[in-house]
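Taken verbatim from Swiss-Prot:
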- C10, C13, C16, C50: [4Fe-4S] cluster 1 binding site (BINDING)
- C20, C40, C43, C46: [4Fe-4S] cluster 2 binding site (BINDING)
- 2-30: domain '4Fe-4S ferredoxin-type 1' (DOMAIN)
- 31-58: domain '4Fe-4S ferredoxin-type 2' (DOMAIN)
Amino acid sequence: MVAKVNVDLCTGCGSCVDECPAAAISLNDDGIATVDESECLDCGSCEDACPNNAITIE
């Protein structure tokens, strides 16, 4: 399982970036969250932090 970002819902607020304990999330050049799947811990912190429900653990 890994965090997945719905690009249609992501506003680039950075809440997920701030909350990720593994530093596995960054904002791309378009301001959309991207997940480094090899670093993701599947902890759900980003999912909980996202105010737009743009991240799910799948």
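Cβ coordinates come from backbone N, Cα and C, glycine included.
Small disclaimer: the values here were computed from a predicted structure and weren't measured.
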DSSP-derived class (H/G/I helix, E/B strand, else coil) of C43 ([4Fe-4S] cluster 2 binding site): coil
Pairwise Cα distance for C20 ([4Fe-4S] cluster 2 binding site)/C13 ([4Fe-4S] cluster 1 binding site) [Å, integer]: 14
The domain '4Fe-4S ferredoxin-type 1' (2-30) - residue tally per DSSP class, helix then strand then coil: 5 helix, 6 strand, 18 coil
Shell list ([4Fe-4S] cluster 2; ref centroid = CB of C20, C40, C43, C46; cutoff 8 A): A3, C16, E19, P21, A22, A24, I25, V35, L41, D42, G44, S45, E47
Protein Cβ atoms within 10 Å of C43 ([4Fe-4S] cluster 2 binding site), excluding its own: 15
Candidate with sparsest Cβ neighbourhood (10 Å radius) among C13, C16, C20, C46, C50, the listed binding-site residues: C13
Binding-site residues compared (C10, C40) - highest count of Cβ atoms within 10 Å: C10
